[in-house]
Structure formats: C-alpha cells, structure tokens
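Undergrad: Straight out of Swiss-Prot:
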BINDING   Gln87, Gly105, Glu106, Gly107, Lys108, Thr109, Asp514  ATP binding site
BINDING   Cys846, Cys848, Cys857, Cys858  Zn(2+) binding site
Amino acid sequence: MLKTILVAIFGSQNDRDIKAIQPVIEKINALEPYIKKLTDVELKEKTVEFRERLSKGETLDDVLPEAFACVREASVRTIGLRHFDVQLIGGYILHKGKIAEMKTGEGKTLVATLAAYLNALPQTGVHIVTVNDYLAKRDKEWMGVVYEKLGLTVGNVGNETKNEERRMAYNCDITYITNNEIGFDYLRDNMVIAKDDRVLRPLNYAIIDEVDSILIDEARTPLIISGACAESTDKYYISDRIVPRLKGRIITENEEIKAKYADVDLAKGYDYLIDEKNHSAVLTEQGVQKAEKMLGVKNIYDDLQSEWVHHLTQAIKAHNLYRRDIEYVVKDGKVIIVDEFTGRLMPGRRWSDGLHQSIEVKENLKIADENQTLATITFQNFFRMYKKIAGMTGTATTESEEFWEIYKLGVIEVPTNNPMIRKDYHDVIYRTEREKDNAVVNEIESLWKKGQPVLVGTRSIEKSEKISTMLRIKGIPHQVLNAKYHELEAQIIAGAGTKSAVTIATNMAGRGTDILLGAGDAVQNEEVKKSGGLHIIGTERHESRRIDNQLRGRSGRQGDPGSSKFFLSMEDELMRLFGSDKMSVIMQKLGLKENEDIQHLWISKAVENAQKKVEGMNFDIRKRLIDFDNVMNKQREAVYKLRNEILEGQDITDTIKDMISESIEEKITAWAVGKYTEEWDWASIDVWLLRTFGIKYETGNKDEISNLSRESARSAISGKVFEAYEHRKEQLTPELMLNMQRIVLLQMIDSSWRDHLYELDQLRHDIGFRAYAQKDPKVEYQKESFALFESMMNRVRDNTIEYIFKVQIDAKLQKMAIQTTNSDFRKNDGKKINKGSNKIGRNDQCPCGSGKKFKKCCGA
C-alpha cells in the first residue's frame, strides 16, 4: 500500500529514469535544423570529425547528441524513417549498456542504429546480435544504407559464410550476426593452429535483439562443438528393452507433499518414479533389484557397472518425458529437436549425455555415435566477455531480477509512441482439453465470419496440426506456421493482419516481423480496424509469463486496436503440474456442464502464480548452470589465454624451459626419497631421462651423481637435459625449433583440453550423488575439477617435453613451421610470453571459480 502511494506521488523508478534522459533528447532535437542543412558529403564527414574529437580526449557521451542527430538525418535520407523521441530514448538506454523494453511495432531495429553508430566510432567493432540468419541478413540490408551514408562499413555473418568472408565481416565497423554463429566462431577461433585462421576481433560491444530469448531462454543450452566418441552402443539397446518391463509412476508436486506429511512411500510397488515437473527420473530400490536381475549384474552402482544406471535412467526419460511431435520430430530417419520456446526445428542440435541415442533407439532408428565435447561455452559466460552489452525486447520486466543478477543489466521500459488500446480479456478455463479446443475453434469461426484477423498461438507442432484439422473440417481457410523456414515464416506472419486471415503459429514463430493491419493496404487497414483489429488466441499458458506476453504483443502495435484471450483446461500441462488443488475442487463443486467455462480475475491470478513458481524453478536451474560453468570458465580463460599467446607468435622458449625445470623438480622430489643417495630410485630416473630426453647415463656418470646432494643431483641432471635441449635446437635451427615447440604445445593443449572436458562431463554427471553423503555438490565439483585441471596441465607439460625431444620433423611439419615463422614470429619481434610456471601460485586466484585465493581454497 505504501509503495503504491509513493509511486503515485514521486513516480516509479522507471519514470524517473526516463525523466533523467529527457534533457539529452532535447539537445538532439535542438541540433536537428543544423544537421538537416548539411550536404551528403558534410554529413559523412561528421564521422571523421567525431573520431578526431574522441582521439583528443572527448567521450562518447560528449558526442552523443550530435551523433544521434546525424543518424536520424541519415535514416530520413536513405530509408525515409525519422526516429521518434521514444526511439532516441531507446538508443540512449542501449548506449548506457542497459535493456530497452519496447513494445512490438515500436521500431527496435531502427533504435539499434543510434547506439551502434555511436559505439562504432572508436573503430573497435559493434555486433548486433539476433536470433536467426534471416533477421540478421534482413536488418543488415535494411539498416546498412544508414551506416554507409555516414561512412561506416557494415557486415553480415550467416551459417553459409566462408572463413575469409567472416573475417572481413567482423572487421567491419558494425556486424549483424546470430548468437549461435558468433558463439561458435569464438570456440572455433580457440581451436585453430595458425593465427591467420582466426576470424574474430576482441569482443567490444554487443546489442542483443530479443535479449530475453538469447540470454534467458537459450541460457540452459550451452554451445558445444563435438566430435564422435568411440563407444559401444549395446547398452542403449539393452536398456531400451528393459524399460518397458519396468513399472513406473508419474508423481506430481501435490502428491509428493501429501505423501511426505502422511509418511506414505510413493515408490512402493513401482520400479521407477517420474517427476514430470523437474523432468527427472529415478530408479526405486525395487527397480534396481529387478534391473540387476535382468542384466545379470550384482550391483549396478559399483564403479564397473555404474554406466547402467545412466543408460537406464536416460531410457526411462526417453519413454516417458520426450514425446514425438512435441519435444522432437522424426524426419529422414533422424530425431530432430523442437525448440520448446519457438516451436522451430533445430537440425544438427542433439541432446547430450546419451539422451538423443536413447530416443533414437526408442524410435527404432539407426543410433548415431556418442558425442565427445571438443569445446563448449554457455551464452551467459560468452556475452559477459564483451566490454559492454545492451539489449532490446518487448518483454524483459518479468525477468529483470535475473538480468541484473547474472549480467548486471538494468531494464528500462520505454514509453510507446502512441497509447496502447489493445483489450486483454480474462482467461477462460474448461474442464477438459477437448472442450477447450472446441471453444477455440468456435471463437475462430465467429471472428472469421465478421472479417477480423486471428492469430492462434500454440505450444507444439502437434497442437498446431490438431487445431488445423478441426478448422479444415469446418471449411475455414488458414495458414499453419510451424517455424521451419524463417523467410517463409516472415512472409506468412506479415499477412496475419489481413481481413479474415486465420494464422496458427507455434509460440513465437515469426518473431521480429511486424504484423501490419491490412498488410499495408490503406482501405483494408480501416476495415480491419473497424472489425476490432488483430485478435490473439492463446491455446495454452506457457511456463513463462514472458512468452505469453510476447504472443499478446503481436496485437495492438503503434496504437492499433486489438484484443487477446487465453483458453485453458485443467488438463493443460501447466495446470496439471502446478495448478493448485483448490482450483480443481472449485471446478468440481461448480458442477460445470459440457462446454461450460469459467472467466474470473481470480483464475488468471492463480495461473500467474503457477507461472511465477515455474519461472523461479527455471531461474534456479540457470543459476546452477552458471555456478558450474563459472568453474570451467576460469579454466577455459587460462587455457585460451595461453593458446592465444602462442598463436600471437610470442617466443615460448622460456615457457618450455620452465616446463622442463618443473618436470625435473617433480621427478627428483618423487624419486630422490631417503637420507642416502643409495636409497634413491635411480632406475626410475634413468628410465625417465632416456624415455623423455633420450639421455643415457653410463655407470661412471651415475656413480658420480650418486655422491652428490639432492640439490647437486638436480643441478647435474638439469645441466644434462638443457645441454640436450640446446643440441636439439642446433639440429633443427633456432627458427624451426621455436615453431615446432609452438605447434607441439598447441596440439598438446588441444588434446588434453578435449580429454579434460570429457572428464568434467563425467564429473558433473556423477557429482549430484555427493549430496547423499551430506556434501555440497558445487563445492565438491570445484575441488575435484581443480585437481583435474592441475593434472591436465601436468599432462600438457610432460607430453610437450617428450614430443619436443622425440618428434621427427617431416616435410609437412617443416613447411608449416617455416610459414609460421615468416608470418607470425618476425611480425611480433619475438615477444616472450610473460609466464613463469604452469603451477598456480598460492596468492593467485583459484581456477575453480570461487573467486578466492588458491591458498584459501583448493590449495588449503
């Protein structure tokens, strides 16, 4: 109550933020008459002037008013669009590294030109990131002429863009790109052997279109570059045959709570339990015993048989949680994932941890190879590497807490240019899905007859096809949009506002394309407005309020009339899993007849509360994901930093010598144990020296060293080894030796990092079981992943040393080394890597990701 009174008196924080920007907008508007008088040449020369001012110490904020005024004028002269004041506000918010929430149709694409131009002036690159290739290409072609009018270069990177073209596009002042393409380019850049194969510049500033979709919806799925992993597929087939013979039970949250208070064992009489809400499966004690008997093993949880638990659990999930034509489709003999947020097919994407293979077996398809991760990163950690990011979307307020907590991005809601007059009706709820579907079709028929356009949003391809079939039976013409082709998708969605148009779309198919009433025809536009504008029908509530708001937002753009209504049933997934028991009881007590519905604010509120509950759960999942990925991120940064130093052509001789000294120290410490030298393990030292460095001691030499102290012995061995190193250098020539070292070290880093990622995958899969031992899985993961990382770095060191002394330089390697010498080393004047040792100093930050010093964390 107090908060409401304070807002009424002082305005909301958002109102105050907008008010604070107004003086800047007034400055921009005051400059408009002056900028209008400039010739095209003078307008273009403004860019040169701004860059000179920046070089003399002015800031981007200093040149912002004039720069924005120039962009506005360039837009008028090229594409005939003048930025409204609210769009200038949006551009200012983007420049300040925040999220501008702008309703559908408010011109977000045009808004981006303001901040993009300003931040491109320092010539460090601006990326405008969007969700698909079609939008990236369309926006580059549409807005590119504005930038070119001002003397900037513009590029676009798509799925088919070749390497050299990518490099050129990224070297442009402004680059239009999808989130997937730039993420994969970053990973690929950190896998190359030659510096010239990299395509990206350092990450400077990104404007993320549909920022909620990229930073939240897709945050649970990491980008992964993978390769085939040789593994037997027998266990998938055996597990698939066992699961149908097991008895399972799907449990709801309410059942779980009631069972807990009543002390009832839900697992009794069942072999496995399915938690549909959390998308998880677990074998019961009875199920474990039955599975062990069928498999003929004593204990499926011991080290040798533990993979059986994993394979059986994945098979259970494949049979119970993943449904054909909802979570995936089968096309051309392949299982193709359906994006749960957009309904789009995602060819080439695969579920990990063997789940995809389990589904392939379930569908009697040829099983594909298990994938091994070669490089991976989450969008959370990727976009946090930019110096500055900003975002645009029509729906960000509901996720403002997450944007701030994960990305430190504030959200400011930009006022609409014209008042919003769309009417949003209360939800209507039916007992069964059948009754709800009938009501949806009847509503469509009624609106179609009066000429009002209708956009029907569904959550799955299956649901789209079901509604489509019912409309065909009634003879109602319509378009079905299952989001398979982005360009076709845009064309269909653009026509969804024409008279009597009926369009069925999965979730946010066609997002990014405006729906114009009458499709731009003035006469038809008036007719459609008189009929009530575009009517939105939601056939089910999504887990996230934001997705529902996105659907609603397709109607009522730029002050147009419109309306929206959601149709629900007690059989909908959200209601079934998260709806309260009270709602079910009320529905029963009301004694509703066939096809009767309830409409009430209380019901809409109950649904919203259920959605808030799911949003909270999903937020926790994403936070857990980033907690674990932060551990890997510190290690990834360390490895990629070393890789880049090597690629930059810096002299790594000191690094190699440090590795050799470290290795000698480690071996002497391990084998020179005992008070007397006679007690030392000379046999192991001999074998190691011969195997690694090709050094063979004669008996006399050994006797001589045996009489020395440990320090003297270490010094003597080091002398022999470095003598052999210098001899190796003379054999090859210093230039060839230098570049052979670089090539070998890169290959050792890559192969060891690949193995390390596999080990981390396994660790992460198993770490959850530590909770049963009253241990925090996150803390355990930090400690063990650090131990694995240190072990990996030791492997890199030992393998690199051995290869340097043993590798045979064939013609191909020699040519490669010489080319590297000419192109890299001489260009960089033989700079040395500032690196003393592979070991972590006690006062260094711990690579586990805790943020603590090593001595206070894993090194304690």
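Backbone N, Cα and C atoms are what each Cβ position is placed from, and that goes for glycine too.
Describe the structural context of each listed feature in the structure shown, including burial, neighbouring residues and relevant distances.
TA: In the three-state DSSP classification, Glu106 (ATP binding site) falls within coil.
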Undergrad: Of Glu106, Asp514, the binding-site residues given in the record, which has the fewest other CB atoms within 10 A of its CB?
TA: Asp514
Undergrad: Around the ATP site recorded as Gln87, Gly105, Glu106, Gly107, Lys108, Thr109, Asp514, what other same-chain residues have a C-beta within 8 angstroms of the site's C-beta center?
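TA: So the additional residues around the site are Met102, Thr104, Leu110, Val111.
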Undergrad: Within 10 Å of the Cβ of Gly105 (ATP binding site), how many other Cβ atoms are there?
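TA: Here the count is 21.
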Undergrad: Starting from each candidate's C-beta and looking 10 angstroms out, tell me which of the binding-site residues Gln87, Thr109 has the most other C-beta atoms.
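TA: It comes out as Gln87.
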